[in-house]
Amino acid sequence: MVFDELGVAVVDVQPDQRHALVTTAEAEPTIIATEPERVVYASVITEPHHTLTGFFPTYRSDEDEVTRHTRAELATSLGPAWDEQNTTWGLQGIRANWSHLTGSGVKVAVLDTGVDTDHPDLTECVEATASFVPGASVEDGHGHGTHCVGTVAGPAKPGHAPRYGVAGEAGVLVGKVLSDQGVGSDGQILAGMAWAVSQGARVISMSLGAPVEPGELFPQTYENVARRALRLGALIVAAAGNESRRPGFVAPVGRPANCPSILAVAALGKDLGTAFFSCGAINGEGGEINIAAPGVDIFSAAPGGTYQTMSGTSMAAPHAAGVVTLLAQAHPEASAADLGTRLRSGAHPLAQPAADVGSGLLQAP
């Protein structure tokens, strides 16, 4: 596969041909880097204090606990009056409810496990879909993608829930890059990124990632793609990673969020403290945390027209993507890089070090 707009090619070769291919490619002055394609996975950590088992060369969807809510259960447990401040605390924390902006006229891409295209809250916001998983439709059999789409652009007045989306009038481009089992590849993710850029996305939200080891460099392929995307008008937002077990262990920001040209988002709890699982900036260049967003007990849409609560940096990243979408509406002539600068400069300072929360808690304009 060749992605001309991104300057990347994915080549399928036999194991005994890899060395020769790399040697030939590295001798070509126009080729910046060659890297092996990685198999990618989405995983759910079902225990909130699951111990770290090591570093794995995989992509993970980064959510922690998952709680499903049917409409009937919500009506029974909450009655006619919603406790919005508790249920959708993330929107209150980033002041989205007080913003007059809606994301209208802005395209934002969500690259994930797809979306429930029949969810009554999301049918109007989803503008285009594409699946890059062989043999699979864009329908979300996992739940992670639908949740992220809802956080980015759920409507201002859902039919059966309080508001949970940041930019309710944005046009969402949904790219399925991970299967219903949460498995994919670099090639699928890159294909989704190329499609999003070609569709005119101003923001690309990627709640996926792979753990890296201390001292490991950022992937040059994703960095080059991110730079090209910036030049073409798209800012990439990615989850920082879920591998920390604070306070005893802080893991480095995962890939591809550790690329200098990708906005890395950390997760905060309801007390605005750093979530115990949120990765930190311990790897130097490219391993920084740029911004922090709500990422614990986040309420959003789920397949089957229902809702669920999830925790993880995967939930923080869509909050950031939604706010960047609002900024793009407010500043239509701004470059993608400028949108990132505006996001960081408008953050609310926090007591934690920048290595944990970057510029602070993002705020809606």
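Cβ atoms here come from the backbone N, Cα and C positions, even for glycine.
According to TrEMBL:
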{"type": "ACT_SITE", "residues": "Asp112", "note": "active site, charge relay system"}
{"type": "ACT_SITE", "residues": "His144", "note": "active site, charge relay system"}
{"type": "ACT_SITE", "residues": "Ser314", "note": "active site, charge relay system"}
{"type": "DOMAIN", "residues": "103-347", "note": "domain 'Peptidase S8/S53'"}
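Locations of recorded TrEMBL features on the structure.
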residue: Asp112; record: active site, charge relay system; DSSP class: strand
residue: His144; record: active site, charge relay system; DSSP class: helix
residue: Ser314; record: active site, charge relay system; DSSP class: helix
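Of the recorded residues, His144 (active site, charge relay system) and Ser314 (active site, charge relay system) place their C-alpha atoms 9 Å from one another.
Regional average pLDDT for the domain 'Peptidase S8/S53' (103-347) in the model is 96. Between the alpha carbons (Cα) of Asp112 (active site, charge relay system) and Ser314 (active site, charge relay system) lies a span of roughly 10 Å. Each of the active-site residues Asp112, His144, Ser314 was scored by the number of other CB atoms within 10 Å of its CB, and the largest score is that of Ser314.
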